[in-house]
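Asks: Before I ask anything, here is the structure I am working with.
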Amino acid sequence: VPAKEKKLSAPRISLSLDQSEDDLGRTTPVPVTQYWSFLSSDPNAANRSGTSESYNPIPTYSAEEERQDGKLWRTVVIGEQEHRINMKIIESYMRVISHGGYYSNGVNAIIVFAACFLPDSDREDYHEIMENLFLYVISTLELMVAEDYMIVYLNGATPHRRMPGLGWLKKCYQMIDRRLRKNLKSFIILHPSWFIRTILTVTKPFISTKFSSKIKYVNSLDELHESIPMDCIQIPECIIRLDKELKEAAENSK
């Protein structure tokens, strides 16, 4: 009788990527970076030692190096599809989206999008930055919003070369989850320019009538303050300067 083969059980391998979230129910401005735990690894790390595996051994990482390396990439799921975000390439542009506190008895979130923090379109890596920034904005929006919400789009003090293209805006709209589209109660545009008005006119064919009805133009910070609570909204200095200049110009023209 042949000897019975002894079966060895392989150890369980966890493939989950747990990520921690801070409590969103706070009343002070919340840096976006606090919502994430960077646990993914750099896919290029294995190639750092050179092309010849036999002559160049794989380098040994210290605990600190592994921790820093893990911050370079983030894995997110958008529309049931997994994506990887290069956090290093968008590091200088993450201020484009922020949490602006709450309105309506502290229940509904205010999401602030500052176009002045977008990259210049003449950069060689512009498309790569915008692709990763797109994933970052969509995934962050899904994380910040639990109930109804509004978006405040800071359009002023943004040169034409930093304005997001029509294709990028269309892609953002199409990738936003149906729940987020439905729960969006207002889309406020501060300091609307002729360019942004034209963009929104051109995009009407692929956006719903309901969404179009949620768009509201606001011409000054004073007018914005009358519409929503501003205590937790961080307004960039360039927006404040522009608002002051526009106010002075309006007074001088009287």
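Numbering starts at 1 and runs along the chain as displayed.
The backbone N, Cα and C atoms fix where each Cβ goes, and this holds for glycine too.
Because TrEMBL annotations are produced automatically, they should be read as predictions rather than curated entries.
The region 'Disordered' feature in TrEMBL is assigned to 1-28, 41-63. According to TrEMBL, the compositional bias 'Polar residues' annotation covers 41-59. Under the heading domain 'CRAL-TRIO', TrEMBL lists 86-247. Among the features that TrEMBL reports, transmembrane segment is placed at 102-121, 133-154.
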Asks: Under 8 Å between C-beta atoms and at least six residues away from its ends: which parts of the chain pack against the transmembrane segment (133-154)?
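Replies: Long-range Cβ neighbours of the transmembrane segment (133-154): 21, 24, 32, 35-36, 74, 76, 78, 83, 85, 87, 90, 93-94, 96-97, 99-100, 103-104, 107-116, 118-119, 168, 171-172, 175-177, 180, 183-191, 224, 228, 233, 235-236, 239.
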Asks: Averaged over the domain 'CRAL-TRIO' (86-247), what pLDDT does the prediction give?
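Replies: Taking every residue in the domain 'CRAL-TRIO' (86-247) and averaging pLDDT yields 92.
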